[in-house]
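Asks: The structure is given below, and queries will be raised subsequently.
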Amino acid sequence: MRAQPKASHFIDGEYVEDTDGTVIESIYPATGEVIARLHAATPAIVEQAIAAAKRAQPEWAAMSPTARGRILKRAADIMRERNRELSELETLDTGKPIQETIVADPTSGADSFEFFGGIAAAGLNGSYIPLGGDFAYTKRVPLGVCVGIGAWNYPQQIACWKGAPALVAGNAMVFKPSENTPLGALKIAEILIEAGLPKGLYNVIQGDRETGPLLINHPDVAKVSLTGSVPTGRKVAAAAAGSLKHVTMELGGKSPLIVFDDADIDSAIGGAMLGNFYSTGQVCSNGTRVFVNRKIKAEFLKRLKARTEAMLIGDPMDEATQVGPMVSWAQREKVLSYIEKGKAEGATLVAGGGIPNNVSGEGYYVQPTVFADVTDDMTIAREEIFGPVMCVLDFDDEAEVIARANDTEFGLSGGVFTADLTRAHRVVDQLEAGTLWINAYNLAPVEIPFGGSKQSGFGRENSLAALEHYSELKTVYVGMGPVQAPY
């Protein structure tokens, strides 16, 4: 098989197999071809991975942050040297076009290793607090063994976004990728060992729904970081609460993108397309509710339709391809069912709406789809679809659109396009979301915090803020004189 790894798991610095685990088939979404066959972790594999992490972590934590950071920066360099190889693997794993993966996937992971490697010492600083004759100081200390649970839309990026801050803070990690995309994280683990990471600090185990609870409920696990759906997040939070584990979650969204009548229409359309069709719409922060001022609606839809229908759908390994398949047959069927709901509930189909006829019948393709005249109560406007389906809604005034944008259980992201920056700042101040863009969309450099509010999760990925979620504050009071006691 064209992408078969040496074994299913990577534990304590080497590949490990246990064929007693449930078979996981890795399928290339463009053709339906099985490209690798792996096995889910058995309870014994889970124990082996956590034991390796627990054993390796204390010595790693005793190293200076600068020394830890140096290893991560080496890993970043190796990832960049192998960007083509890693990008092709990511395309096989996910079906995303190579023109995307080569600029956005391993590259983003390398950025994460480089950023956290570079700020290792400064980012973990404590504080000095004078108290008259006495004083106190604080320091950030690692949590111990951390578990990362990844999603299937950006497998290599997520493996790095969780691994980099965890490692630089002095922790060890056991990472479980999605069973839909099991391959990329294994390569990240290999590269970390090559860069000099001591064995046992970054372990990758495959798994299904049975594996997650084994990791989350393990008494030696101190923290769980999940990227996934809201229903999965609720289950993980409930399980972790039993042992009061640290938890961060980056979950789903149904984010608003607001286009005012003074916006640059072409730029706003570009933002809306990036926020709906990039990675075939499989991005948690997508602005899938596009609110367009009624005054410019007709022109907006005219230009949007032309640009959407001009997108090239095809072989993900062809560098000209702009739209690849969905990650799986099940995801394609889910998206197609939402498209049918949109039609049935009275939305106007502007573009797309089905399976393209220019691609392999075995691939999991869906046309980039635009609905107009969408109302707030329609299913496609309220539920996360996680596919290339854009909903365009009309609005008339600022107060109205803010209220409607906030009328959702989600709070991951949002965006505003307008030439009036005063209005832009006023609006984003009132939007209930964790990550917002003005005259841009879906840009997430590692230097800035990324995360949501409401049902879209808590905690932040990236930036200095991420280190707070992989460490805890220790306070030390120092008495400088004799103790005065009343007895």
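Residue 1 is the first one shown; counting continues down the chain.
Every residue gets a Cβ built from N, Cα and C, even glycine.
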Asks: Based on Swiss-Prot, name the residue from GLU47, GLU383, GLU384 that is recorded for the same NAD(+) site as GLY150, ALA151, TRP152, LYS176, PRO177, SER178, GLU179, SER229, VAL230, PRO231, THR232, GLY252, CYS284.
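Replies: It is GLU384, as the record lists it for that site.
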Asks: Out of ASP12, ASP77, ASP93, which does Swiss-Prot tie to the same K(+) 1 site as SER26, ILE27?
Replies: ASP93
Asks: Comparing the recorded positions LYS162, LYS454, which residue's C-beta has the most other C-beta atoms within 10 angstroms in this structure?
Replies: LYS162
Asks: By CA-CA distance, flag whichever of TRP152, LYS162, VAL230, THR232 among the recorded positions is nearest to GLY457 (K(+) 2 binding site).
Replies: VAL230
Asks: Rounded to the nearest angstrom, how far is the Cα of GLU250 (active site, proton acceptor) from the Cα of GLY150 (NAD(+) binding site)?
Replies: 10
Asks: List which of the recorded positions TRP152, LYS162, PRO177, THR232, GLU250, LYS454 have their Cα within 10 Å of the Cα of ASP93 (K(+) 1 binding site), in sequence order.
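Replies: Passing the 10 Å Cα cut: TRP152.
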Asks: Just going by other Cβ atoms within 10 Å, which of the recorded positions ASP93, GLU179, GLU250 has the emptiest spot?
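Replies: Each of the recorded positions ASP93, GLU179, GLU250 was scored by Cβ atoms within 10 Å; lowest is GLU179.
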Asks: Pick out which of the binding-site residues ILE27, VAL230, LEU244 has the most other Cβ atoms within 10 Å of its own Cβ.
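Replies: The residue with the densest Cβ neighbourhood is ILE27.
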Asks: What is the total of other Cβ atoms whose distance to the Cβ of GLY150 (NAD(+) binding site) is within 10 Å?
Replies: 26
